[in-house]
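Per Swiss-Prot, these features apply:
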- ASP55, ASP61, ASP108, ASP110: Ca(2+) 1 binding site (BINDING)
- ASP55, ASP108, ASP110, ASP115: Ca(2+) 2 binding site (BINDING)
- 1-16: compositional bias 'Basic and acidic residues' (COMPBIAS)
- 22-142: domain 'C2 1' (DOMAIN)
- 181-305: domain 'C2 2' (DOMAIN)
- 1-23: region 'Disordered' (REGION)
- 577-597: transmembrane segment (TRANSMEM)
- 608-628: transmembrane segment (TRANSMEM)
- 719-739: transmembrane segment (TRANSMEM)
Amino acid sequence: MQRPPPEDFSLKETKPHLGGGKVTGDKLTTTYDLVEQMQYLYVRVVKAKELPGKDLTGSCDPYVEVKLGNYRGTTRHFEKKSNPEWNQVFAFSKDRVQASYLEATVKDKDLVKDDLIGRVVFDLNEIPKRVPPDSPLAPQWYRLEDGKGQKVKGELMLAVWFGTQADEAFPEAWHSDAATVSGTDALANIRSKVYLSPKLWYLRVNVIEAQDLIPSDKGRYPEVFVKVIMGNQALRTRVSQSRSINPMWNEDLMFVVAEPFEEPLILSVEDRVAPNKDEVLGRCAVPLQYLDKRFDYRPVNSRWFNLEKHVIMEGGEKKEIKFASKIHMRICLEGGYHVLDESTHYSSDLRPTAKQLWKPNIGVLELGVLNATGLMPMKAKEGGRGTTDAYCVAKYGQKWIRTRTIIDSFTPRWNEQYTWEVFDPCTVVTVGVFDNCHLHGGDKNNGGGKDSRIGKVRIRLSTLEADRVYTHSYPLLVLHPSGVKKMGEIHLAVRFTCSSLLNMMYMYSMPLLPKMHYLHPLTVSQLDNLRHQATQIVSTRLTRAEPPLRKEVVEYMLDVGSHMWSMRRSKANFFRIMGVLSGIIAVGKWFEQICVWKNPITTVLIHILFIILVIYPELILPTIFLYLFLIGVWYYRWRPRHPPHMDTRLSHADSAHPDELDEEFDTFPTSRPSDIVRMRYDRLRSIAGRIQTVVGDLATQGERFQSLLSWRDPRATALFVLFCLIAAVILYITPFQVVAFAIGLYVLRHPRLRYKLPSVPLNFFRRLPARTDCML
């Protein structure tokens, strides 16, 4: 049986017609120049007047039906109105037009059969063309005709023109591609939108002390701590060491909050009266709107807050009791940090929260989402036929874009162009493709199903040449429990335009993150917790937009869960380390071959070079840097000409064991049977045992260095101290060049002068003691 050919996971360069012309890598300057032009027939139905009544009451319930071939679009209808206003736009794709005439019919809504009021017919050959930046076409009044072409009472105001996707009416228009979608919510879910991430702040709560607490049991020393609640986040201080009614903590707690501030900060002072029982001694609520905002580490004024206590009275009523207890705190919003909501490796924005600290932008990123090909069926329609309703989401900085959804197509064409301001070239733009599962009543029939992932592409801006248009077809890869799968390809056009080359070069000398991350850094555990909270806030806020950018989409774009354990990813990282060290290992092997005179000519040349450098040591550093310069110039001919893309071999996705993939997709905590968990635990113990051995060996070598002067082995330390004294005397009376010359000739000596036994220094080092004898 013949094996199927391997899937093509490579990146392909393309030559599309962008902006009406072929791209050759030169700079283009026209609007929508990174996408292919798509022709549409636009019909703007503005209003009607003096419509005749069709009912017994002499009134009408009018609506307009726009018909082009087999496509029909209808406006909303009005009840009992003879002068209705619609102001709706219909867009028909010119590629699918199979008619010669456009018909706009005004009808009267009825229970049995809608009555014809009148119509207007247009010959497609007579319709004008309009392309921005031309002004919008002015609508005109058209007299209605009956089915025989006779003029009837009533007029309809219309504007009809041929245009492209660059038209201002395009985003909000009804599209013939989505003629099968009905319902206001479903139509809103298929339109292109731009979203903005909420402005995130770090909230620092410095709990200093409390005074005059009133515990219920005055015969014991209270164990007091403070619980701080901010939305869904809750942190607590340690139990105060001063077990009294005036406890002290001086402890910092960090939270993530988003503008607009909707919830107050809740502080609760509690006494641990039993192992699983805490008693509330007082509470206070602090509105965030009135807190200080600081942009550096200048001290914030501390404040005393009164504590209140709610007591449940007879009848279940809550009574608020005010007493003299107070809590002393410093609370501020930190504007000098960048709130991390993305994976640190794929950050698209590194600016601080405070806009006052932002530097000017250094360029513009332009992205053209052209089309996708070969998409896989993501769901089944009625009758069992597979279908895909694909849309794209791109994120860079605080701006998210969502393209329109192309209904029932495995080769969707979007041809939408977007721009972002760039403040740092060492950032990443992420483009994801998803299947829209909220159409055709998807929210009801599918139980609110999630939008399925089709794939994702990341492009690092620093890998792009300035002012060059990159047009490539990227593979869309998704890792399943059964292995990596190609879901199709997405065709993108990308251009990074630099406004100031000098400013961009200067950025490479600046720290990646704002100053506060280095002057007063947060701990790793704090950053992990704050990143998790930030992603939750962003996904919640974007889910509340209209139409929503759903939680599963946001989390996939932000790489939530990428820090979880994965055997496949661990192997990939190990081989990445080996790839980095391979150059050093290759140099070591090359030097070893020189030392054993494997190639006598090369060894002689190295001897000559060594002697020159010993005689003229001032040439060492210039020689090294000149060598690196020549290597860089030599490699320029073979520099990468394409952006990097997902590499299945580097990720070990093409060779991962099914059980390893099943473990990677396991929930946390695990949901697998106990025997499988036991097997994986034993495997992890085996791997950890080998790592433990390697770490122990490294610790042993370090401890041997420490024992040289520790007198743990008195004879070894005595020998080393005596050797140091002799070496100091010899090096003092001998010129350095002579010493270096002697050491070099000894290292490069001929194999006939070598012994296969280990050297004396190595034998001495291996005999030194380590602390392994003290290990249990």
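Backbone N, Cα and C atoms are what each Cβ position is placed from, and that goes for glycine too.
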Counts by DSSP class (helix H/G/I, strand E/B, coil) across the domain 'C2 2' (181-305): 9 helix, 64 strand, 52 coil
Protein Cβ atoms within 10 Å of ASP61 (Ca(2+) 1 binding site), excluding its own: 18
Count of other CB atoms lying within 10 Å of the CB belonging to ASP108 (Ca(2+) 1 binding site): 20
DSSP-derived class (H/G/I helix, E/B strand, else coil) of ASP115 (Ca(2+) 2 binding site): strand
Counts of helix, strand and coil residues, the domain 'C2 1' (22-142), according to DSSP: 6 helix, 53 strand, 62 coil
Average model confidence [pLDDT] within the domain 'C2 1' (22-142): 84
